[in-house]
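According to Swiss-Prot, the features are:
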type	residues	note
BINDING	G81, M86, V132, E133, R147	S-adenosyl-L-methionine binding site
Amino acid sequence: MSAVTQHHADELARGADELGVALDADKQRQLLAYLALLIKWNKAYNLTAVRDPDEMVSRHLLDSLSIVPYAEAGDNWLDVGSGGGMPGVPLAILFPEKRLTLLDSNGKKTRFLTQVKLELKLANLEVVHSRVEAFRPESPFDGIVSRAFSSLEDFANWTRHLGGQETRWLAMKGVHPNEELAALPEDFRVEAEHALAVPGCQGQRHLLILRRTA
């Protein structure tokens, strides 16, 4: 019996609808195939502390989809500390026309992400095994996103060299990070803050959008 059932498909479809994210049959199939890989590989690779497939739908898939409206601009995106691929893999599935780079320093996690790329045939997805400080792309990214990666201060400092004046930094957080905002480097500013309602997720979710000031 597959770990991914019609129940999970229904939960994904219902949650995406609540978020206002349009999922055609192919995108839903790819997201569920990704979920199946995450469940399978998590047993050996410890990709996420979430073990229950029901929780994975809400806390990983729907949480990733909650930022889709804020990631529509820009063609070249970086997911820093991608881990098990959230939100980078769902964004690559939702936006096949965009280029998504998934960066992580953990070899087990990048091996998993490479397998996801191959099995789901995600031609727009690139996996990079590197520490963020050592990563030197050819050009700045249009958007840089992180989910439970670091403090806002570290996120800004460690990725400063990866973006420019037009880049948007998207930081996915739980409770509103008031103390972290107080430590934000002077050359960064908060462009927008959004409280996110993720179907099936308990607790607060916030998205902070940052830009460089210099």
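Placement of Cβ uses the backbone N, Cα and C atoms for every residue, glycine included.
Shown here: features listed in Swiss-Prot, placed on the structure.
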residue : record                               : Cβ neighbours (10 Å)
G81     : S-adenosyl-L-methionine binding site : 20
M86     : S-adenosyl-L-methionine binding site : 25
V132    : S-adenosyl-L-methionine binding site : 23
E133    : S-adenosyl-L-methionine binding site : 11
R147    : S-adenosyl-L-methionine binding site : 21
